[in-house]
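Copied over from TrEMBL:
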type     : residues : note
TRANSMEM : 144-168  : transmembrane segment
TRANSMEM : 188-210  : transmembrane segment
TRANSMEM : 231-253  : transmembrane segment
TRANSMEM : 259-279  : transmembrane segment
TRANSMEM : 384-404  : transmembrane segment
TRANSMEM : 416-438  : transmembrane segment
TRANSMEM : 459-479  : transmembrane segment
TRANSMEM : 499-522  : transmembrane segment
TRANSMEM : 543-566  : transmembrane segment
TRANSMEM : 586-605  : transmembrane segment
Amino acid sequence: MEYYSHCNFSQVVDTPLLLSSTLNEGSGLYAGDGSVDSKGKPALKNDTGQWKACSFILGDILSSTLLLSVQDLLFLTVVRSNTGTFFCERLAFYGISTNLVNYFIEKLHERTVVASTNITNWKGTCYITPLIGAILADTYWGRYWTIAGFTTVYLIGMCTLTLSASVSALKPAECVGSVCPSATTAQYAVFLTGLYLIALGTGGIKPCIWPFGADQFDDTDPKERVKKGSYFNWFYFSQNIGAIIASSVLVWIQDNVGWGIGFGIPTALMGVCIASLLIGTPLYRFQKPGGSPLTRICQVLVASFRKRNLKVLEDNSLLHETQDRSSAIEGSRKLEHSNELRCLDKAALISDADIEHGDLCNPWRLCTVTQVEELKILIRMFPIWATGIVFSAVFAQMSTLFVVQGKLMKRTLGSVTIPAASLSFFDFVSVIIWVPIYDSIIIPIVKKFTSKERGFSQLQRMGIGLFVSILCMAAAALVEIKRLQLVTELGLEDEKVAVPLSILWQIPQYFLLGAAEVFTFIGQHEFYYEQAPDAMRSLCSALSLLTNSLGNYLSSLILTIVTYVTTKGGKAGWIPDNLNEGHLDYFYWLLAGLSFLNLVVYMVFSRNYKEKKAAAA
């Protein structure tokens, strides 16, 4: 695979050729970001991209309507958000993961520990495989063909899972009294094959689907840039619609109608949305893959190390770059030189040895400014990326300690018993409420004061979300303080029983967490797309998803350390099996404190962050 389209390099660039993309007002017939149409020709702005293309990328409106079956107002917002391929993938993912532990225990007759381990391993795989999909997309296939290929793998996995749950020979017999026959090796293998094909399939969809949708809006056109910001909001909205349906309707079908039908519905819908994705092909804008991003990073490091003894030039115009308007990296615009990390600029210095050997086309010895800037951008993004891990650790509490806390509260409402885990519904509802509020109300108001296209910058938006996450932890701590007060008043310290405090008091912490998502997670999607090098957008998308996995690991690490420290001397500790004799509120305050420190670190790095500047292609 050739990573460079040509070697028409100049030895010396006498004048800077780059301008910020904001200087190109998007005028002209063609998209200014280097995108092409399905025939490989420059993309015509009026015939390709924008919302008409996203309606196919994110799905078929009719299939979404049939699936949702909601009131007209919600239908209109779903049409605007163009739910579909990603909507169906999220619906399928949550439809499987939400109730998967029950399938392992009730249908495959596994012990709780084994079932939990299997699910943990599977979910961990689902956040590792995006790195595979991202590298394939950026290096070889491009985002479109990666999505098409991996959705097919996903569909095969769903079909396998559905057959495993429907065909008698592929699942264990039902329990007879207390006797539950174990699954045979073949039955287990078929089920796990379907499950891990889904993990592989989601690895190609997650890191590519939202960048591919954003590719439909021209970075160099101010009007389309505004639409792109709205696209990220409604994209996340559609994800949460899928999560609500999966955690309610599909779970109910699985428990009360049958697992075969519960798995079969999202399977059929995935087939419809693959067809929808393919039908819209003539309308799409495509970004060409630029070759292996990992190889280009290594080339800069090797070239700069070889020239470590050379002195960095003060005149940046003497650094190596193409004279052409386009970058030497396929599918990437030129990047303007930045003054940070000047030691890496040595990779773009033309040495006497380079001239003597006439070796100006070997990127392991001589790199362009654009290639060097790619690595600089990744290094600048790293501290911002790292702060997302702490936020994800807070987010992980929704499916763990929030549920444990809710189990020891009054869960009856009239004659109805509310499952503790079902309170996550209010997180999804919060997102659904906040997205239209942010897009239609907050942005127009803030624009009047900031004069920015999207109201807040991506970094400001993410910072607000980090602040709201502190409020979320504080709200959870205050509820626990009140709950423990009742425990003391009623003398229930030694009893693992619920206290007469309604579980509905947990709603504020779920609602605040949903608001934090809208600001931070959506802001991250925008940030990693806009600030990532053009030919590394899928990779940066995968790295942003990796913070979810690392956040869960961080949460487990903090929990392990806290348990070890607080149980010394035979004490019950902050988080014992019986929370009535513990202090879960202290743990929440600890997370709030860590989130505050995380916000301070974030503010330091975000204040000094230098945004990338790219020329129109």
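A Cβ is built for glycine as well, from the same backbone N, Cα and C atoms used for every other residue.
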Winner by Cβ pairs under 8 Å against the transmembrane segment (144-168), considering only 231-253, 259-279, 543-566, 586-605: 259-279
Top Cβ-contact partner of the transmembrane segment (231-253) among 188-210, 416-438, 459-479 (pairs under 8 Å): 416-438
Long-range Cβ neighbours of the transmembrane segment (499-522) (under 8 Å; 6 or more residues past either end): 232-233, 235-236, 388, 391, 394-395, 398, 402, 405-406, 408-411, 413, 418, 420, 423-424, 426-431, 433-435, 438, 461-462, 464-466, 468-469, 471-473, 475-476, 479, 482-483, 486-487, 490, 492, 580
Segment-segment contact (the transmembrane segment (543-566); the transmembrane segment (586-605)) at 3 or more Cβ pairs under 8 Å: yes
Distal contacts, the transmembrane segment (416-438) - CB-CB under 8 A, six or more residues away: 77, 233-234, 236-237, 240-241, 243-244, 247-248, 398-399, 402-407, 409, 503, 506-507, 510-515, 517-519, 522
Tertiary contacts of the transmembrane segment (586-605), as residues 6+ beyond its ends and Cβ separation under 8 Å: 383-384, 387, 390-391, 393-394, 397, 401, 462-463, 466-467, 469-470, 473-474, 476-477, 480, 558-559, 562, 574-575
